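Undergrad: Below you'll find the structure I mean.
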Amino acid sequence: MKQYQKDFVDFMLGSGALKFGEFTLKSGRVSPYFFNTGAFNTGQHLSQLGKFYATAIENSILDFDVLFGLAYKGIPLVTATTIALNDGFSKNVPYSFNRKEVKIHGEGGDIVGHQLEGNILIIDDVITVGTAIIEAMSIIKANGATAKGVIVAVDRQEKGKGEQSTIQEVEQNFGLSVLSIINLSHLVDYLKQGNDHALIERIEVYRDCYGV
């Protein structure tokens, strides 16, 4: 676990984006932890979040030409991350996002920002069932570019409908590389540095049941 990943867990806890307790997920599973990106709701939060995404991208070996955020949630993520890549790593990365409604006047089209061309890295908060990724890939393909990978904040490392995680299914079915700032294993390692053994046990039990 790298230092920026430890710092990201601290950041999530401090902002209230990561909570522990009993949370019923869309899947019906009762999880001992919950990640809510809606808690990143200030300029400072967004600036910090962009830096973490940028650092994770820089720590990967993925080569891409344009960073793409899917409306609406992906718009602040792609904006903050490209600023952080420029300011922190001197990487002037083109970015774009889509419109929900195609504009027929002015510059027109369904894309705002840089033209989608070459290899595209999609940015999202989490991958739940993969619907957003399918939509993003459709937009990218329609604009003549190629989806290369996806970066998310948290990989729950949790089974989807089968024995694989949704992220594993995305990687296998679409040939995409999926990056994350942290995953569940990182979170468990972080918590083991503390003294809340009961919480660790609850997460381990949940992981034994639903983890991959």
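Placed from the backbone N, Cα and C atoms, the Cβ positions cover glycine too.
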Undergrad: Given that Swiss-Prot annotates PHE34, PHE35, THR128 as orotate-binding, name the residue from ARG99, ARG156 that shares the site.
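TA: Answer, per Swiss-Prot (orotate site with PHE34, PHE35, THR128), from ARG99, ARG156: ARG156.
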Undergrad: Do any residues at least six apart in sequence from PHE34 (orotate binding site), in the same chain, have a Cβ closer than 8 Å to its Cβ, and if so which, in order?
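TA: The answer is LEU18, LYS19, PHE20, GLY21, PHE23, LEU25.
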Undergrad: May I ask for the distance between LYS73 (5-phospho-alpha-D-ribose 1-diphosphate binding site) and ARG156 (orotate binding site), taken between their Cα atoms and rounded to an integer number of Å?
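TA: Here the two Cα atoms are 19 Å apart.
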Undergrad: Reported as an integer number of Å, what is the Cα distance between ASP125 (5-phospho-alpha-D-ribose 1-diphosphate binding site) and PHE35 (orotate binding site)?
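TA: Just about 10 Å between their Cα atoms.
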Undergrad: Among the binding-site residues listed here, THR128, THR131, which has the most company in the form of other Cβ atoms within 10 Å of its Cβ?
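TA: When each Cβ's neighbours within 10 Å are tallied, THR128 tops the list.
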Undergrad: Hey, of PHE35, THR128, ARG156, which of those binding-site residues are within 10 Å of LYS26 (5-phospho-alpha-D-ribose 1-diphosphate binding site), Cα to Cα?
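TA: The binding-site residues close to LYS26 (5-phospho-alpha-D-ribose 1-diphosphate binding site) (Cα within 10 Å), listed in sequence order, are THR128.
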